[in-house]
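Right, one structure below, let's go through it.
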Amino acid sequence: MTEIKRAAVLSAGSWGTTFGKVLADAGREVRILARRAQVADAINDSHTNPDYVPEVRLPDAVRATTDPAVALDGADLVVLATPSQALRDNLVAWKPLLDPAASVVSLAKGIELNTLLRMSEVIAEVTGIPTDQVVVVTGPNLAPEIAHGQPTAAVVACTDLDRAELVQRAVAAPYFRPYTNTDVVGAEIGGAVKNVIALAYGMASGLGLGDNTKATLITRGLAETSRLGERLGADPRTFSGLAGLGDLVATCSSPLSRNHRFGEYLGRGDSLAAAQRATRQTAEGVKSCRSIRDLAHRYHVEMPITEQVERVCYEQVPPSVAVRELMSRDMKAE
Ligand SMILES: NC(=O)C1=CN([C@@H]2O[C@H](COP(=O)(O)OP(=O)(O)OC[C@H]3O[C@@H](n4cnc5c(N)ncnc54)[C@H](O)[C@@H]3O)[C@@H](O)[C@H]2O)C=CC1
Ligand SMILES: O=C(CO)COP(=O)(O)O
């Protein structure tokens, strides 16, 4: 496999734009696809994306376009940065423009509603690209911190270790340290479920609950994440790494997390619609709580926190009642 030179980043949101910066700082040429001309113009003319990554100057190697054919022309790395539930429809349009030999990176952290597929499965199904060409990048990666060059580590997961290493080299920047893993299932389940647990953690914050409650949510949240992941064939060790515990802690505890903030609004008594208006950017857990709950039912896995988050979001259950229900479950061994 030849070294990666040019990357297309499809979507110019918070993470897509920031990841474009990481790639440029790692030495790649980058073309970001924006939906709005105003966003593409700002990136090209003033090296900024004020809507999503304010106060950060993007490197000169980051260019933008609204034309997917221009973004994908000559790209040997294709980075998919749309929200999970929008990925399928967009991929259908982009498929004819993809180089069949390209490595395709998934950044989205969610499970598709109805099909209950992981993002790498959606990518393989829609594009026909073999699963060993699909790479998942995940970990404790809050975009605003990375955009400001604060150091973090990440996981580059692919069933083909050689390809994982190729992408690892392509994304390694002074402030972005990628580790390889061949456990794609674990990487994706860790990334998707932590958003749901962060909603619960945010609710606890909004309810004014303290650190014991929050530590309990993180620990038991990790337990239900691992239970689902292992049932789906993941390596249990993944969940104690960056894609599991690392991302869970970052997302739960950070006020920069959109899922955390969304949960906080709900905890304070706001409706789903009001929380949506207040957060604006994507909070994946709000949709994935339902698909993950359905996946858990399909595989007969107990996920009590996820169950309650879904009930708060869609069944008008007050967060305080959800807490009571979690606390009154049958006693059991840890
Ligand atoms: N922001 C972050 O810190 C991180 C985000 N992620 C994941 O990356 C994915 C993208 O998140 P963000 O960039 O943060 O979201 P965002 O809300 O900042 O941006 C979403 C982008 O997708 C575009 N978009 C929205 N709906 C679309 C549709 N139907 N069709 C095409 N494009 C559409 C928007 O125009 C925007 O450019 C999510 O799955 C998120 O969980 C993963 C790691 C870090
Ligand atoms: O995935 C993330 C950090 O790793 C970003 O979390 P939010 O989508 O909740 O902001």
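Any Cβ shown, glycine's included, is placed from N, Cα and C.
Automatic, uncurated: that is what TrEMBL annotation is.
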Residue in LYS194, LYS214, LYS287 which TrEMBL records at the sn-glycerol 3-phosphate site where LYS109, GLY139, ASP247, SER257, ARG258, ASN259 also bind: LYS194
According to TrEMBL, which candidate in TYR52, TYR299, TYR314 joins SER14, TRP15, ARG35, ARG36, LYS109, ALA143, ARG258, GLU284 at the NADPH site: TYR52
Per-residue Cβ crowding (10 Å cut-off), top of binding-site residues ASP247, GLU284: ASP247
For TYR52 (NADPH binding site), the number of other Cβ atoms found within 10 Å of its own Cβ: 21
Residue counts (helix, strand, coil, in that order) that DSSP gives for the domain 'Glycerol-3-phosphate dehydrogenase NAD-dependent C-terminal' (183-323): 109 helix, 0 strand, 32 coil
Recorded positions near SER257 (sn-glycerol 3-phosphate binding site), in sequence order, restricted to SER14, ARG35, TYR52, ALA143, LYS194, GLU284 and a 10 Å Cα cut-off: ALA143
Distance-selected recorded positions near ligand 2 (C-beta under 6 Å), from SER14, ARG35, ALA143, LYS194, ASP247, ASN259: ASP247, ASN259
Close-lying binding-site residues around ligand 1 among ARG35, TYR52, SER257, where CB distance stays under 6 Å: ARG35, TYR52
